[in-house]
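Take a look at the structure set out below.
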Amino acid sequence: MASMLEFRTPGFNPYAVKYSPYYDSRLAVAASAHYGIVGNGRLFVLGLGPGGIQLERAFETNDAQYDLVWSEINENQLLVACGDGSLKLFDLAAGDFPIMSFSEHKREAFSVCWNPITKDSFISSSWDGTVKIWSPSRPTSLKTLPVGTCTYSACFSPTNPAIISCVSSDSHIRIFDLRTPVSAKYHLVSIIPAHAPPPGPTLPLLSTGEVFAGNVPAEILTHDWNKYRDTVLATGGVDRLVRTFDVRNPAGGPLAVLPGHEYAVRRLAWSPHASDVLATASYDMTVRVWSDGSQLQPRRPPEHPNSNSNNTNIIPVGTQLGLMNRHAEFATGVDWCLFGAGGWLASAGWDQRVLVWDAHSLLRG
Amino acid sequence: MGALDRLSQLGNQLSGGAIAGGRAKLLEKHPDDIVVTVALRTAITKGGKGGFKDTHAADLMAGALKGIIDRSKIDPALVEDIVVGTVLAPGGGATEMRAAALVAGFPESTAVRTLNRQCSSGLQACVDIANQIRAGMIEVGIGAGVESMSLQYGPAAVTEFSDLLESHPQAANCKVPMGVLSEQMAKDRNITRASQDAFAAASFQKAAKAQAAGLFKEEILPLKVKFEDPKSGETKEIVVDRDDGIRDGVTAESLGKIRPAFAKDGSIHAGNASQVSDGAAAVLMMKRSTAERLGQPVLGKFVAASVVGVPPLLMGIGPWKAIPKVFELTGITKDDVDIFEINEAFASQCLWCANELGLPPEKINPKGGAIAFGHPLGCTGARQVSTLLYELRRTGKKVGVTSMCVGTGMGMAAVWVAE
């Protein structure tokens, strides 16, 4: 790992890092004083150059920053989710103050996502148990989707602008389809219990031969849609497991399970370059790169002494491709660069560091 | 958006608790938990003839508070507030309880107040102390309750209703005597005499068994008091260290012979209602971090409490409404609870609540209840804490609920975890 670039965020603990979708040399970091517990927030916009990582701009907020997203319609604009429930839109070409502030959430705003298809709207999720849909040009939200429990992460489907997903502390994935009529269910079309094992008379086995132990509800902290398989998403959370799901089969249990993290999985991002690869950042201070195994031939599980040979209820286990352990505190953010050969990652952690590195360096031996 | 909320949210994500809520979350230990380090009670004795018949409520309280100092060995100056629940004392007992705290050995710097939420006063006192600690107002406090029904029970407990109160039907219902309205409720809700007698007999049998096995030893603080012998008229000092209302050999059949007390064709009688009694109880509470700093052993923790209102004439259904509410506050279900201490004001109402909530009989009042050993009004809520926590600890169980109905139509419930 010789070619690892580093940037320090003194006095601020990063919560999220995102590459610009416009330039391969620009990224942004949302960070908070005092670990986001109390104090203000700072948005760092960074440039990659021959001299390493340089600070291009910084924007202050009055409360902690927990997430950020780059605008899909303006290369100079980015949006942060703040501890006071507000969302603030900053412009690199404008002054130090936000050009728009969206204040409706009653508790901490925890995630933001821009619509990647229509590019004219974005969503936010909050500890107040709602997901809100916004237009960057209107100060009030277009729509509120009730979830009911602390909602840590909300995403647009990368292939369908009307489909929104979110995950929350009640251990469920919710899928909303805005094309459905506003019925009593507020566009909710599917609710997937992430902890539920595939249906069957017995507890399923993992393809490693162990009995699946993840059948207990746990807070889900992060999720992301696969960029190639338009019905597949992955979740990560407090029970330390990463799971992949096919949203067409809400009761079918996970497609694959990726065990390995030693503490909660805080951030997850599918690769924009390969359909089976994803990266995760965890409170165990590591960032890991995985394959969910979907590109491999299905494996036969090894015979297990405790297993019933008739047990066909088997969940495939993915493969950990590599582990990056240079962070010295919780790893909270990870993102893939859209450009280049593929495999460049940026990660950020509470050790007040942003690291930019090539995932291929992990894969060797 | 408070820092504490953010910290606890993070803590939960980290503690590896693979669980989003419920029982496992309840069992987690955090530095800001409100914990009980000592809980005790005096014996509970029969009103008018038991061991405490000549002992003033304040003297009982002074004894219990002194017991807290002796058992915890805490520096009394660290206790910043004492709340005493008491129902019948004229003037709320405010003056006597302040004096009792001084007698017990607390310095002038320890504040004292009394409160009255009828039968839940003792629990309300503990909840108030817990909330004061949680809010940062005090660090260490005592929730307590006391009643001398021998000396203070009587018609003077309620003043005459004004014409204004009498003119409002629901308001006027607030003064309907508890026995009368419970009789009506038993009739309306089809709670048979036989089922009440069976419940009451079970309470006596459980209490007698527990007493014989010495299961009340840990919670009872023996108290030396003056006692006037009703036969010889001479006054002597006695040590009261056991509940004298508990009778062995009570069966549903033997209770079946007692005449109803409130209506000729009624079902409620002296044997299936709570006894008139005297007693005191006290609970020493602080944050877990404080307990660790002071070297106080943790007996259990207070999780949450609920209070609800119900129609005054149906006051007996209070626990039926309060228990689900406290479940909602804590994110648990009845299956997560190991023991329910539900006050047996009347067998009829306690049984109805239990049946309606679907609580298994073996989880309810495993050492008997107020039918067997009495219900000194202000004391009961604080008494249940001792009874519950020692039983949970003895049996290796964890989660308990205390609850009671409250005269004039209310209910309270609280969730506790033993450690």
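Each Cβ is built from the backbone N, Cα and C atoms, and glycine gets one as well.
Quick caveat, the model's predicted, so the values are computed rather than measured.
If you average pLDDT over the domain 'Thiolase N-terminal' (B:34-289) in this model, you get 95. Residues or ranges marked as domain 'Thiolase N-terminal' in TrEMBL: B:34-289.
What TrEMBL lists as active site, acyl-thioester intermediate is B:C119. Long-range Cβ proximity for B:C119 (active site, acyl-thioester intermediate), meaning a same-chain Cβ under 8 A and a gap of 6 or more residues, is found for B:V87, B:N343, B:A345, B:H375, B:L377, B:T380, B:G381, B:M404, B:C405, B:V406, B:G407. The DSSP secondary structure for B:C119 (active site, acyl-thioester intermediate) is helix.
Sequence annotations record features per position, and here TrEMBL assigns domain 'Thiolase C-terminal' to B:298-415.
DSSP assigns B:H375 (active site, proton acceptor) to coil, not to a helix or a strand. Among the features that TrEMBL reports, active site, proton acceptor is placed at B:H375 (among others).
Per TrEMBL, the feature active site, proton acceptor maps to B:C405 (among others).
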Handout entry: C-beta crowding around B:H375 (active site, proton acceptor), within 10 angstroms
Key = 26
Practice task
May I ask you to report the DSSP-based helix, strand or coil state of B:C405 (active site, proton acceptor)?
Solution key: strand
Exercise for the section: Could you tell me how many residues in the domain 'Thiolase C-terminal' (B:298-415) are helical, how many are strand and how many are coil under DSSP? Expected result: 56 helix, 30 strand, 32 coil
